[in-house]
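Each remark here refers to the structure printed beneath this line.
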Amino acid sequence: MIEADRLVSADSSGFEEAADRAIRPKLLAEYVGQPQVRSQMEIFIQAAKLRGDALDHLLIFGPPGLGKTTLANIVANEMGVNLRTTSGPVLEKAGDLAAMLTNLEPHDVLFIDEIHRLSPVVEEVLYPAMEDYQLDIMIGEGPAARSIKIDLPPFTLIGATTRAGSLTSPLRDRFGIVQRLEFYQIPDLQHIVSRSARHMGLEMSDEGALEVARRSRGTPRIANRLLRRVRDFAEVRHDGTISADIAAQALDMLNVDAEGFDYMDRKLLLAVIDKFFGGPVGLDNLAAAIGEERETIEDVLEPYLIQQGFLQRTPRGRMATVRAWNHFGITPPEMP
């Protein structure tokens, strides 16, 4: 099973990137959710503009699909500067990064997605650039090699990662601002779905938006993907208007249940309940029972189930919680 193939995957495709770009908020005033992040960034941006300085370097981390790229775009728009975008895996050589840095205008924003995947060689170049706005470049080889310094304009580096723990301490410590994005509350997701529906020219009731929001796993990217599929259903099977009932019919047809679980989530939980009496069950046994790789279970399926309190990871193996039993209408066994 490939994670990107799942309707409830938080990873994005190229098509979705283009589609979502058109409906993303452009300014903090339009930004929904993450109230603490929004209020802090308002102050930091306003202070930098009052001083005429570049904004401090910003690290944004959190699960995929929560709007790290959106926030980077908003910062650049609020500061009134250009945004240059790249990603960790693309910057293979020190020269790749040097070329981007030397083309920046004063106060520009350089956004590096998946910054935890920077190579050590590239990361070394980044340290003096972030700290002193200077590039240290080696010219020549062997005994004739010499270091030259190139001054850079003041700029803001925004790094985004789903794995903050994978960043090296020297890199992490050079970010003056660190923001964690949390899963969205249902009312905020409902607002996002309604806003996206308006941008797409859809007629959608508040209850319809709420139904989509409830099944979106706290993730705007998933909410927008589900909205597009509900739109298809409404246009083909009905008159295009999306009510709560039509949204529920569409999502049920797509095998996305009331908790946002798809077929694979339910298959894993039911295997623990039915085949292993609720657990504990070892990861290898569970992988064999559902026909998946253990890495897929650990990295793709488990995290959301554990976060939502449906699965427990114990020293003796995986266990289904009472909430998981109740979700399927099965009476949990009496605790000894």
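Glycine is treated like the rest: Cβ placed from N, Cα and C.
Taken verbatim from Swiss-Prot:
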| type | residues | note |
| --- | --- | --- |
| BINDING | Ile23, Arg24, Gly65, Lys68, Thr69, Thr70, Glu131, Asp132, Tyr133, Arg174, Tyr184, Arg221 | ATP binding site |
| BINDING | Thr69 | Mg(2+) binding site |
| BINDING | Arg294, Arg313, Arg318 | DNA binding site |
| REGION | 4-184 | region 'Large ATPase domain (RuvB-L)' |
| REGION | 185-255 | region 'Small ATPAse domain (RuvB-S)' |
| REGION | 258-336 | region 'Head domain (RuvB-H)' |
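In sequence order, Leu283, Asp284, Ala287 make up the list of same-chain residues 6 or more apart from Arg294 (DNA binding site) whose Cβ falls under 8 Å from its Cβ. Counting other Cβ atoms within 10 Å of each Cβ, the binding-site residues Tyr133, Tyr184, Arg318 show the lowest value at Tyr133. For the DNA site, whose annotated binding residues are Arg294, Arg313, Arg318, the maximal Cα to Cα separation is 14 Å. Its own atom aside, the Cβ of Thr69 (ATP binding site) has 20 Cβ atoms within 10 angstroms in the protein chains shown.
Taking the Cβ of Ile23 (ATP binding site) as reference, residues of its chain lying under 8 Å away and at least six apart in sequence are, in sequence order, Arg195, Ser196, His199, Met200, Asn224. Across the structure, Tyr184 (ATP binding site) and Arg318 (DNA binding site) are spaced 27 Å apart at their Cα atoms. The maximal spread of the ATP binding site, taken as the longest Cα to Cα distance among Ile23, Arg24, Gly65, Lys68, Thr69, Thr70, Glu131, Asp132, Tyr133, Arg174, Tyr184, Arg221, is 37 Å. Put simply, Gly65 is the one of the binding-site residues Gly65, Thr69, Glu131, Tyr133 whose Cα lies nearest to the Cα of Arg313 (DNA binding site). Compute the center of the Cβ atoms of Arg294, Arg313, Arg318, which mark the site for DNA; besides them, the chain residues with Cβ within 8 Å of that center are Val281, Gly282, Leu283, Leu286, Ile297, Glu298, Glu302, Gly317.
In terms of local Cβ density within 10 Å, Gly65 ranks first among the binding-site residues Gly65, Glu131, Arg313. Sorting each residue of the region 'Small ATPAse domain (RuvB-S)' (185-255) by its DSSP state yields 51 helix, 2 strand, 18 coil. Counting only the Cα atoms, the space from Glu131 (ATP binding site) to Arg318 (DNA binding site) is about 45 angstrom. Residue pair Tyr133 (ATP binding site) / Arg318 (DNA binding site) shows a Cα separation of 49 Å.
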